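Peer 1: Grabbed the feature section from TrEMBL, which reads as follows:
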type	residues	note
ACT_SITE	HIS176	active site, proton acceptor
BINDING	GLY10, ALA11, GLY12, GLN13, ILE14, GLY15, ASP34, ASN96, ILE119, THR120, ASN121	NAD(+) binding site
BINDING	ARG83, ARG89, ASN121, ARG152	substrate binding site
DOMAIN	5-143	domain 'Lactate/malate dehydrogenase N-terminal'
DOMAIN	148-306	domain 'Lactate/malate dehydrogenase C-terminal'
Amino acid sequence: MARPKIALIGAGQIGGTLAHLAAMKELGDVILFDIAEGTPQGKALDIAESGPAEGFDAALKGTNDYADIAGADVCIVTAGVPRKPGMSRDDLLGINLKVMKSVGEGIAKHAPDAFVICITNPLDAMVWALQKFSGLPANKVCGMAGVLDSARFRHFLSLEFGVSMKDVSAFVLGGHGDTMVPLTRYSTVAGIPLPDLVKMGWTTQDNLDAIVQRTRDGGAEIVGLLKTGSAFYAPATSAIEMAEAYLKDQKRVLPCAAHVDGAYGLKGIYVGVPTVIGASGIEKVIDIKLDKDEQAMLDKSIDAVKGLVEACKGIDSSLA
Ligand code: APR
């Protein structure tokens, strides 16, 4: 059987890391696409040359021609510009919306059966626009944010409790922005919910609140340190986890920016929710019960996402 084909649209910091991870995990053959001439070709060759030492079997090709993504099983989109210090994800909207239009058209023409994972920010609005521009089924187009936000939350919690990250599970809902909703009640250490761990004296409510805030600011913390761009290792790893769930029909329960129509009382909006990812793409949106405070936080986050979607419609009338 031929290997799956993974097309990476955008061969920058995240795109290059995605290519390296996909090859090392032998998820399939990799096509790196970018508008910058030489960048995807150079990265593809460099990663291919790591193959003999690493011992993976995967073909890599860099290209500036959309025709090369033909028949891709998975497309991961990072095309666009990243943040610089002082910028919010929302400041990227105007530039990256135009990029989503060309990417959506390219995928629709050459890889209409692919499972598409968008990473470009501002995430929830960009994945919404990408689905509209591409016309692909909504269950085959999603955004990577929740896996990353949860991973950041898990990392900080494992430091706080001094336990392995493997034993920490965490839940983050809502948009990928300052209004994201880390859900402490559904986050656990070996099955023990965080509020119980406060009661047990393992941590304090103040420490937990600080960790929640650090999770919300997780992307900005990295931007502030790097100064020339935004995070790329953890975002790439998170998207690869989603791609693998699709390619191997793993039925993983992963939070991601999915098209929500009905659940949470929402109508046709992309926002971060827990989902099941398998061979049909987003196979299920899990509609968990929220208490009053959690619902209020989610409502605020959804309002922020709706504001960005309206801004997109204002910029490109074909989306209205
Ligand atoms: N088509 C294809 N590629 C494009 C296009 C386009 N229309 N416009 C820009 N690109 C390419 C750039 O040439 C660059 O190589 O997208 C790549 C983006 O790479 P980086 O600038 O290194 O950005 P990166 O850190 O990978 O982040 C990409 O993901 O997390 C988000 O906020 C981040 O929106 C940003 C995106």
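Yeah, the Cβs are placed from backbone N, Cα and C, and that goes for glycine too.
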Peer 1: Just to confirm: which same-chain residues, 6+ apart in sequence, have a Cβ under 8 Å from the Cβ of the residue listed as 'active site, proton acceptor'?
Peer 2: ARG89, ASN121, PRO122, LEU123, ASP124, GLY143, ALA145, GLY146, LEU148, ASP149, ALA257, GLY272
Peer 1: Which residues, sitting 6 or more apart from GLY12 (NAD(+) binding site) on the same chain, put a CB under 8 Å from its CB?
Peer 2: ASP34, THR39, THR78, PRO82, PHE232
Peer 1: Using a Cβ-Cβ cut-off under 8 angstroms and a sequence gap of six or more, which residues of the chain neighbour ILE14 (NAD(+) binding site)?
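Peer 2: The list for ILE14 (NAD(+) binding site) reads THR78, ILE119, PHE232, PRO235, ALA236, ALA239, given in order along the sequence.
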Peer 1: If you draw a 10 Å sphere on the Cβ of ARG83 (substrate binding site), how many other Cβ atoms land inside?
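Peer 2: ARG83 (substrate binding site): 21 neighbouring Cβ atoms within 10 Å.
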Peer 1: CB neighbours of ASP34 (NAD(+) binding site) within 10 A?
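Peer 2: A 10 Å sphere around the Cβ of ASP34 (NAD(+) binding site) contains 22 other Cβ atoms.
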Peer 1: At the Cα level, what's the spacing in Å between GLY10 (NAD(+) binding site) and ARG152 (substrate binding site), rounded?
Peer 2: 24
Peer 1: Along the domain 'Lactate/malate dehydrogenase C-terminal' (148-306), what average pLDDT does this model show?
Peer 2: 95
Peer 1: Residue counts in helix (H, G, I), strand (E, B) and coil for the domain 'Lactate/malate dehydrogenase N-terminal' (5-143), per DSSP?
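Peer 2: When I sort the residues of the domain 'Lactate/malate dehydrogenase N-terminal' (5-143) into the three classes, I find 67 helix, 25 strand, 47 coil.
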Peer 1: Within 10 angstroms of the C-beta of ARG89 (substrate binding site), what count of other C-beta atoms is obtained when all protein chains are considered?
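Peer 2: Result for ARG89 (substrate binding site): 26 other Cβ atoms within 10 Å.
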Peer 1: Could you say whether, by DSSP, ARG152 (substrate binding site) belongs to a helix, a strand or a coil region?
Peer 2: helix
Peer 1: Determine which residues of the same chain, besides ARG83, ARG89, ASN121, ARG152, have their CB within 8 A of the center of the CB atoms at the recorded substrate site, and list them by sequence.
Peer 2: PRO122, LEU123, HIS176, GLY177, GLY219, ALA220, VAL223, SER230, ALA231
Peer 1: If you count the C-beta atoms lying within 10 Å of each candidate's C-beta, which of the binding-site residues GLY10, ILE119, ASN121 ends up with the smallest number?
Peer 2: GLY10
Peer 1: When a 10 Å sphere is centred on the Cβ of ARG152 (substrate binding site), how many other Cβ atoms does it contain?
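Peer 2: Around ARG152 (substrate binding site), other Cβ atoms within 10 Å: 25.
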